[in-house]
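Chemist: Relevant sequence annotations retrieved from Swiss-Prot are reproduced here:
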type	residues	note
SIGNAL	1-20	signal peptide
DISULFID	50-93	disulfide bond
DISULFID	184-193	disulfide bond
């Protein structure tokens with residue numbers, strides 16, 4: 001329900017282009033912030049809860065009337081203040097363990113935000129959610145209807161739905177952090193985008209992904225997930241998350257190049273200015289140049305990353321001082337790790353080199369890129385459930401080395417769906433010695449891991465992988481710890497001529513269909529030992 005203050009804001013801006021002065025109107029229960037932007041932006045913040053209860057952009061109310069926009073699931077109660085200093089307005093919402101900042105610059109249709117925490121919120125995740133009017137803003141960008149679950153029938157938990165014959169979920173809106181600088185919801189006359197300026201205190205690394213948007217019918221949600229337990233590989237980081245910016249425009253999509261260095265002058269807890277940071281520059285070398293190369297730095301307090309140039313040169317983002325683990329990826333596969341120390345006000349030189357060593361291979365299925373790219377259904381898995389009718393048949397399948405296509409091998413093997421997968425290959429007489437079957441995976445669920453049988457020889461059962469306690473493949477995730485399993489194949493097991501390998505899923509757990517124990521593939525290699 002719109003408050004009296006919200007209704008007055010709406011009426012006063014009905015013309016859409018008439019702006020009052022930049023400033024704050026203080027009411028008994030709210031602050032009304034006028035950005036004085038050309039396409040007017042006026043929003044209302046509840047003084048008791050920190051909820052945004054009204055957002056009027058160009059004369060139209062964008063905020064959902066039933067529930068506010070806020071950090072987490074709402075702070076409940078907070079100490080809320082609003083101050084104006086020159087060209088900036090800052091709203092500060094404080095609890096014992098969290099401070100939420102909202103900053104507006106005179107003339108800009110942007111709500112800049114940052115979130116400072118000393119403890120993880122009790123709900124177990126840290127997010128900002130804007131609940132916006134789905135009648136005015138029905139669309140989601142850039143992936144469209146894959147996360148529009150309005151009028152859907154739940155088919156898995158409370159977050160995967162069937163809509164008009166298609167499986168959809170809010171998780172299918174995700175994008176890798178390294179590639180996600182902007183995601184939006186939009187309508188014919190308005191667009192609202194989340195611009196992500198800083199991931200340093202988030203968790204998961206460059207290839208982590210999380211929910212970005214979800215039109216659930218009553219309202220369209222625009223998110224920024226700073227951390228969560230959604231296939232999470234790291235501990236949560238405390239401190240300042242952000243800045244991140246909610247940008248309001250009409251037909252145009254805003255640039256991601258937003259300067260938020262003014263935060264240094266606004267007494268934002270935990271903010272580290274450019275002058276207090278350093279960089280790392282160098283050259284990466286050795287990996288397969290057919291893949292993107294990424295360099296990643298992390299410690300308990302911060303994380304950063306960058307793509308290298310085609311020649312391997314790189315410069316990091318501006319980093320907080322400290323000692324970092326430095327990782328070099330071929331695609332998403334780790335080929336080297338090192339350590340580097342960053343000092344404020346200086347650039348550190350640090351090269352890194354690494355490659356994938358596999359020995360003399362008899363065959364290889366897939367690539368050492370840390371992803372299931374190219375395997376059957378990999379092209380659809382990010383945006384739909386494995387049960388979707390648009391998916392190709394999962395099998396069980398047989399892959400014949402030399403004649404099958406990569407799409408004849410499934411991107412995931414499920415204990416109750418398509419286990420085992422069969423591989424057939426032909427060996428020459430000089431390929432019958434001792435060998436290693438190396439199975440590269442990206443993610444497991446419910447303890448699922450591979451057990452291989454080569455002709456009549458059954459490889460040993462590997463120990464259970466680390467349990468992430470999170471659904472993965474059914475929610476559009478594929479990246480976990482990237483476990484690699486080596487199966488020692490005794491001399492004479494491989495015979496001259498035709499050979500057969502079966503790969504089965506083993507686990508002490510069970511489940512139905514696509515929630516049965518499973519693992520996702522990256523590469524299968526059989527290589528001769530010391531040949």
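Glycine residues also receive a Cβ, built from the backbone N, Cα and C atoms like all the rest.
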Chemist: Secondary structure at residue 50 (disulfide bond) (DSSP, helix/strand/coil)?
Modeler: coil
Chemist: Fewest other C-beta atoms within 10 angstroms of its own C-beta: which of the disulfide-bonded residues 50, 93, 184, 193 fits that?
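Modeler: Least crowded of the disulfide-bonded residues 50, 93, 184, 193, by Cβ count within 10 Å, is 184.
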Chemist: Between residue 50 (disulfide bond) and residue 184 (disulfide bond), how far is it from one CA atom to the other, in Å?
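Modeler: One finds 23 Å between the Cα atoms of these residues.
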